[in-house]
Structures are given as C-alpha cells and as structure tokens.
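Undergrad: According to Swiss-Prot, the feature ITP binding site maps to 12-17, Lys52, 68-69, Lys85, 144-147, Lys167, 172-173, an assignment based on sequence analysis. Taken from Swiss-Prot, the feature Mg(2+) binding site covers Glu40, and the record attributes it to sequence analysis.
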Amino acid sequence: MTDSDNPLILVTGNKNKVLEVKAILGPTATLEVLDINLPEIQGSVEEITREKCRAAAETIGGPVLVEDSALEMRALGGLPGAYVKAFVETIGNEGLNRILSAFDDKSAEAVCTFGYSQGPGHEPLLFQGRLQGRIVPARGVSSFGWEPIFEVEGEGVTLAEMEVGKKNGLSHRFKALVKFREWFLGARRPV
C-alpha cells in the first residue's frame, strides 16, 4: 500500500540505511527522508530511540520514523550497546576485538529499534529486531561500521561478507522493519 499524499518520513542522515529501509519496506509506504540534527540522550537503545522519535515528531510537526542500532557484547555486559558508533569511530573494529580478546565469550547481539510517532504529543511505538552472532576479526567490506566483525550465528559469514539481498532478509534491521510493516499496514486498514 502506498500513499504518496502522506509519505512516511524517515529521519536519518545515513544514505546506506535509507537504501536498506527502502529495500526491506518495498511498497509498504512512500518514504520521504529528512536529515535533521536530533539530540541523542544517554540511555538504552530503547530510551534513545523513544526520545529521538519524540524530538523528530516535534521538529517536523507530524508522523515520523526513526532508528537506532546497538551492538551488545555478552562478555561486556551489553556494551558498547547504543554507543557502538562512538566506539567504532574512536577505537575502530580492531579496538573492539582487542577489548573482547580478554574474554572467552565472543557472543554478541545486533539490535535495531525503530520508533514511530504519529506526531507531536503522541507516544512513540517501538519495533525491535535482534540478531545473534559473535565478534570475529574483521572480514568483508561494509558501509555500516561494525558489520565486518559481526558473524551471524549459523551463517559462518559476517554481515559485511553477506550478499545484500540475503542480509536484508535476516538482519536485525529486517526483523524490526517486519514488525513495523505489519503494524503499519494493519493500522492503515479501514475500520
């Protein structure tokens, strides 16, 4: 179902994320992308997504979709979590591997949380997807920071090594967007 008169506004500055969201959502909605600077609070991925969604809805004055991702390493008690981008920018993927080298447990969970708000004053709804894996030395090339070190459980390859179509059909982002799509299509059906 598309509705070009009422596009779904996705707030992100990440062009690769836009391509992935469009590929996964398909004709579910007409996407309009806005790159606006939003404050990011300190907190869990859910708290950050919820606050980002509220701020975006207030800023644009209408319905909005936002996303935040996290990488939770079990041996580190869930760190770096929602702060993975800052970790990768500061110490790189090799730095994350070095930190984890002191632990036997290399398991990790990729987490993607989308927030949707109907507009100012509406409580954001959250849609979360999780993908199990483990941290390995970097393999493959990716435009998403930590994908070369995240080996998907049962696949034997990192997200960066995976063919795009396959990745878009099993990723943490895919799982979150499937939940959003089901809700969105159900919410738009006439009563």
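Each Cβ is built from the backbone N, Cα and C atoms, and glycine gets one as well.
What you see is a predicted model, and the numbers here were worked out from it, not measured in a lab.
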Undergrad: Does anything in the same chain, at least 6 positions from Trp146 (ITP binding site), have a Cβ under 8 Å from its Cβ, and if so what?
TA: Leu71, Val84, Val88, Asn93, Leu96
Undergrad: Given the binding-site residues Thr12, Lys52, Lys85, His172, which one's Cα is the least distant from that of the residue listed as 'Mg(2+) binding site'?
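TA: Of all the candidates listed, Lys52 is nearest in space.
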Undergrad: Give the number of CB atoms, excluding that of Lys15 (ITP binding site) itself, located within 10 Å of its CB.
TA: 11
Undergrad: How many other Cβ atoms sit within 10 Å of the Cβ of Lys52 (ITP binding site)?
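TA: Neighbour count, Cβ to Cβ under the 10 Å cut-off: 23.
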Undergrad: Return the residues near Thr12 (ITP binding site), defined as same-chain residues 6+ apart in sequence whose C-beta is under 8 angstroms from its C-beta, sorted by sequence, else 'none'.
TA: Val18, Val33, Asp35, Val66, Glu67
Undergrad: If you draw a 10 Å sphere on the Cβ of His172 (ITP binding site), how many other Cβ atoms land inside?
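TA: Around His172 (ITP binding site), other Cβ atoms within 10 Å: 24.
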Undergrad: Tell me the coarse DSSP state (helix, strand, coil) of Lys15 (ITP binding site).
TA: helix
